[in-house]
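Q: Here you go, one structure.
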């Protein structure tokens, strides 16, 4: 389980002292420092205030004790809460992940007493050591050491007894924490939505009410969604909605279910909407000891799985009946009424046995693998690293034979062989569907262990959607949860008894794993009956079936790194959430039990929690596979047999025993760092490009302004040239009248016109007159006329026009004008009386008749 994100590493530094000086270990917590001072009575210790920063919502401390984590030689305090065993280091004031484990993840725990080997005279002087061994379902074995006669171990042990296996379902931590913000939609709705996707009818969106009350049905050309099990009356371990052949009536379905163990009749788990090929699942048929029992309804139902071939091919597709068991086991089940089908009784069928061992073999195999990892790991629970044994410089015994023996021990566990068998069987099934377009019916004995492994893994190989995070959720909910894999029994979470609210307690003895190398440091005493821990995990129903399947998924992820959206870290966190029982998704044994006790409404949803984790990190979150490229594998994955050689899953199997070697994803971590740097550089590049675009836009705006200014300047120059041209023509016109003109350069636009006084009518008074010596007989008289804007167009009221009439020799006595196209009466011109058609004027001769006196 991931630690709380808001924790502080100095939470206990300023807290109240928990133990007196006599309670603490001298030194740095080394193994040699476990010769502790005798204390008759335990010290009463309040829970430190800083601990609240490490606790989840609704998590409460039940008990505590001071000890040493033998695996790492680290001293600290153990807190037993209603959710986990939490180990806080005395040195770092932080949580130690190896020593912190959810209570539901504990497979078993026991008290152990050891004595150091010594000479015969010293045997009475060396006190025995009080140890507490914790064996986890997540491949860890940890040991805590306590002071003798301090009752520290007893406090922790009794708290574990009270909390590790609560007597009632409601006492589990997940019910105390409630749904919080990790609530989600109904599992029934999600299952029907997945069926609709498989049918290729995503456009149909039924209402939640119609799905939950079982009144919703939908079908395509071959298959239909049936509500025949809406109330779980037909099969209590099957989901409320089933995908069945369209040609089979509900009455025939009810008859067919009686021929299968636990009424788990053949039903479709996955179908190809294009070809009509299906993956179906069921339990074993009840053929009896003589293998001669038959059921027409069952044979018709199985035969309906073989639809007509598509793509213009004639005939019906072939049916493979894949029995996950060894053949001898299938025959042995006949003594109990079970067995396997006969190909002669089922249309165009072939029976195949996969030889996968049962749940008991898987349980023993995992125990051997866990002991091997603990014995040969660097964080061994006996306090000695395999690299430091036998003098501190040799490896595992110091010779080649010891190294070979350790590898042989790994092979003897059989775990990798079991993984390979499941992978090979799933790949064979996927190949039959993808290559031959055949239909495959898979079953074992009850159809909820090996059957689920094969069907779910084959679906993962066939359908790229299941290789996404959202699709992986749909796959787990459909094939594992909805179809009734008994998680409470298989994962050791306790089964519902009688009233459905009690969790049984079953006893099992636990012994410290024996190893020749462990005897080098001390001898372990056997357990007395009084100190034997009561647990459920070694009952006949406990088996790591789901863990084994996730291990198979990790092997496919290793083989096809571009095909999966999720990473190996996601699978580890997913398994941790399942084993911890922090959420309600995997409680109980089937969908009916979860609905009966309202688990979905009362508990948080693991999928929402994982979604929230990913949302906090965005696309760079560790749950996402950096190498995912859906275009590379957008169809089925069909691994050849040579590629199905599995290896240990480092991120899960080695993370506690060999934490440094477990970082097999170091390359991925480096790539992730590079991706983050590239992302930062990309962001910087985007910022620079945005600024560049802004600068270019500003430059374009300046260019546009310059172009506008240039256009205005050009227009002004054109106007100036036109004005100069007009001025030149005005001068020529006036000069043609016998006058001399001078235009001043000031802003008043003053025009001086010199002409003969005798030619000016006496009734006009000039605006200014230059007199020399007061004599009026001067021949030249300068006249200054200042033109101002005047909107008055009335000629009789405008003195300027009167002056114009007096000065202009082209005026006729009748009031007309000899000038061509004259416009003297208009004030648009700067000099009234001389606005005219200058082109026409240029064509006139100054000696024309216009200028001759009449």
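Placement of Cβ uses the backbone N, Cα and C atoms for every residue, glycine included.
From TrEMBL, for reference:
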type: REGION; residues: 1-24; note: region 'Disordered'
type: COMPBIAS; residues: 1-10; note: compositional bias 'Basic residues'
type: BINDING; residues: 358, 359, 444, 445, 446, 447, 448, 449, 450; note: substrate binding site
type: REGION; residues: 495-538; note: region 'Disordered'
type: COMPBIAS; residues: 504-519; note: compositional bias 'Polar residues'
type: COMPBIAS; residues: 520-538; note: compositional bias 'Low complexity'
type: COILED; residues: 664-709; note: coiled coil
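Show me how these features fit into the structure around them.
A: Mean predicted confidence for the coiled coil (664-709): the pLDDT average there is 87.
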Q: What residues, ordered by sequence, lie under 8 A Cβ-to-Cβ from residue 444 (substrate binding site) and sit at least six positions away in the same chain?
A: 283, 284, 323, 324, 325, 356, 450, 451
Q: Can you name the residues of this chain that are 6 or more positions from residue 358 (substrate binding site) yet have a C-beta less than 8 Å from its C-beta?
A: 325, 329, 445, 449, 450
Q: Show, in sequence order, which residues other than 358, 359, 444, 445, 446, 447, 448, 449, 450 on the same chain lie with their Cβ within 8 Å of the centre of the Cβ atoms of the substrate site.
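A: Checked against the 8 Å cutoff, the neighbours are 324, 451.
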Q: Just to confirm: which same-chain residues, 6+ apart in sequence, have a Cβ under 8 Å from the Cβ of residue 446 (substrate binding site)?
A: 261, 262, 264, 283, 284
